[in-house]
Amino acid sequence: MPQTPGQPPGDTPGATPAHEPPDAPTPEQTPQRSHQMPPWLPKAFALAGGSVLAFLAGLWLLGRLRELLLLLLISLFLAFAIEPAVNWLAARGWRRGLATAAMFVVVGLLIAGFLGGIGSLLAAQVTNLIGGFPGYVRRFVGWVNATFGTHLSQQTVFQRLPTVTGALSRHLSDLAANVWGFGTTALGVLFNTLGVLLFTFYLSAEGPRFRRTVCSLLPPHRQREVLRAWEIAVDKTGGYIYSRGLLALISGVAHYAAMAGLGVPYAAALALWVGVVSQFIPAVGTYLAGAVPVLIALTRSPSTALWILLFIIAYQQLENYLLQPRITARTLDMHPAVAFGLILAGAAVAGPIGILLAIPLGASLQAFAGAYVRRYEVEEHPLTKPDAPPGRWWRWLRRG
């Protein structure tokens, strides 16, 4: 159709209007927004829910198996402690099972000797306390009257004693009524002890076979790392036990000589107590070990107790600055603050067992860090300046 003059081009029939883009979609062609769930979302929810359930199940299982895992940890520590001696015997022709049994006998005899010595000491002291109780009461009443100006009568005190002993008897009767609970606890302790001994025996006697089984599941480079870590743990744990045993022996002999020379009763049992407790109970063991001989020496005379106290202090300084650095130089080199922190952590995690395991475990971790962590040179700064070197006489004393 011919275009009329003056008519705009957009008015031509079939032409696109000027105000609309040539490719604008019609309302029927506009896509509708989809409201369907993405196909990956259900799988993500299922995976998250499964992960949470698996985590909760793991926590529940860990809580149920906590006691068993603790027994296995104790057994592993004991196996590490006796393995150097077992390896030494095995290298001289002993079968590993027989060598492990021999170490069990030796350790059992040492524990029995310690408990027997302390038990005899306690029994003798209790017997002496019961036999001398009336004399103690008379001296106490006389001291109170002379010091405070009172007029207490010994007969009055002895008349009051039946009331006290009656209350004590009722308390003991209540404890005896709960004998079933004590029996159950004792049976549980016995069962756990037998379990620890069994696990320790097999971990030590079957050590090479156990390590071969573990390493067979790993590639060669991982096998070398596992065996190196195992060797470090055995070296540090066994070295800790043997160095502490040597220090306990030296301490016991020295304290026995001092107490026997001063005439302290039960010198052998007290020396055994000092040697074992001061070395194998960290942090507070030194104070517990020294308090008992001083108290026993007080029954003889205050001057004897003072001499014993002075000897304990002097020997502790000698051990800290001369004996211990020499003996533990190759087995355990740990700062006292780090050791004390490990003790607190072990007590919080596993109680008394954690206290005993904390330092050997920390020594093993320190050895792992020294083997795998890279160290760098420290920049010179006043805050990193080391202490001045010791004097000539102190270096000579340390060299011995």
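Backbone N, Cα and C define each Cβ position, glycine as well.
Automatic, uncurated: that is what TrEMBL annotation is.
What you are looking at is a predicted structure, and each value in this text was computed from that prediction instead of being measured.
Here TrEMBL flags 1-11 as compositional bias 'Pro residues'.
The region 'Disordered' annotation in TrEMBL covers 1-37.
Summarising the annotation, TrEMBL assigns transmembrane segment to 44-62 (among others).
Residues or ranges marked as transmembrane segment in TrEMBL: 68-90 (among others).
Non-local neighbours of the transmembrane segment (102-124) in the same chain are 82, 85-86, 89, 94, 197, 201, 204, 266, 268-270, 272-273, 276; each lies 6+ residues outside the stretch with a CB under 8 Å from one of its CB atoms. The transmembrane segment feature in TrEMBL is assigned to 102-124 (among others).
Marked as transmembrane segment by TrEMBL: 179-203 (among others). Using a Cβ-Cβ cut-off under 8 Å and counting only residues 6 or more beyond its ends in the same chain, the transmembrane segment (179-203) has close neighbours at 67, 71-72, 74-76, 78-79, 82, 97, 100-101, 104, 210.
Per TrEMBL, transmembrane segment is recorded for 246-274 (among others).
Panel annotation: around the transmembrane segment (280-298), residues 125, 244, 248, 255, 259, 262, 264-266, 270, 273-274, 304-305, 307-309, 312, 316, 339-340, 343, 355-356, 358-359 of the same chain, lying at least six beyond its termini, place a Cβ under 8 Å from a Cβ of the stretch. Sequence annotations record features per position, and here TrEMBL assigns transmembrane segment to 280-298 (among others).
Summarising the annotation, TrEMBL assigns transmembrane segment to 305-323 (among others).
Among the features that TrEMBL reports, transmembrane segment is placed at 335-359 (among others).
Proximity of distant same-chain residues to the transmembrane segment (44-62), defined by a Cβ-Cβ separation under 8 Å and at least 6 residues beyond the stretch ends, is recorded for 69.
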